[in-house]
Amino acid sequence: MKAWQIFVHSWRQVFGNFGAALQVSVIPYLIGQAALFGSGLHNYPTAEALQAAMDSGQLNPGLAFAVGVVSGVMSLWIAVAWHRFVLTEERGGVVPVFHADRVLGYFGKGLGIGLMIVIPALLLLMLGAVVGHALFRVDPSTLATSPGKFLLAQLVPLIFLLPVGVLMTRLSAMLPGAALKPGVPILSGWEATKGESGVMLGVVGLTFGLALILQVPLFFIQNSFLVFVWGTITGWISLMLGASVLTTLYGHYIEKRALV
């Protein structure tokens, strides 16, 4: 199964080069996490809690936006540096090289892809939310009284988003190319993965499944600081694995490298 090969190849890419993965990512990632912790945003682990804090005046929306920008830039820095390390063996020092033009190019291509999928994503998300509510009839209190039921209700919209995940994955296969050089056509990943939607669905399912498993301990951790620590660890794994999946797709489908 090619989807499993891609997933395992991506996993080995990170943990088979663990020292390099840390070298490329640890400084920018810790900067992003320090901004999150220093601002107090780690006390609001869900989107609902964050929105409630801003609505009540407990949290400055401008601060939340600034922290989001810092975290976003750090993530882009890591992704670009990791793509370049895997595909060209570029090594920086203790701090990875910051290619400002490639980070901006990567962001621009990613924004373009996001604009392509936003409407189908919103429509499917709303449809999934309606179906999830109709099936399980949950409200905010359900999390405390029946966490399993609450989790299932949250899963329904995500299942509806699987086709969008396939679309996004196929389009995003070109992003590592944007980390290397300018002028990579935004639809080159889509064209290179023609006929491979089933494989992409498998990759999305495996990646989503791992992300879901990593979130399970959060249902049992009550301390907000421990939630932050666990989120820091799992966030790094998700970021690096996601970047590696895209690197593998680019290498295999666009550069025609073998999956080994």
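Backbone N, Cα and C define each Cβ position, glycine as well.
The transmembrane segment annotation in TrEMBL covers 20-42 (among others).
Positions annotated as transmembrane segment by TrEMBL: 62-82 (among others). Long-range neighbours of the transmembrane segment (62-82) within the same chain, counting only residues 6 or more positions beyond its ends whose Cβ lies under 8 Å from a Cβ of the stretch, are 21, 24-25, 28-29, 31-32, 35-36, 39, 41, 50, 54, 90, 92, 96-99, 102-103, 106-107, 175, 179, 239-240, 243-244, 246-247.
TrEMBL lists 111-135 (among others) with the feature transmembrane segment.
Residues or ranges marked as transmembrane segment by TrEMBL: 155-178 (among others).
With a threshold of 8 Å between CB atoms, the same-chain residues lying at least 6 positions outside the transmembrane segment (199-221) that come near it are 1-4, 6-7, 45, 147, 151, 155, 158, 162, 165-166, 169-170, 193, 227, 230-231, 234, 237-238, 241-242, 245, 249. Residues or ranges marked as transmembrane segment by TrEMBL: 199-221 (among others).
TrEMBL lists 227-250 (among others) with the feature transmembrane segment.
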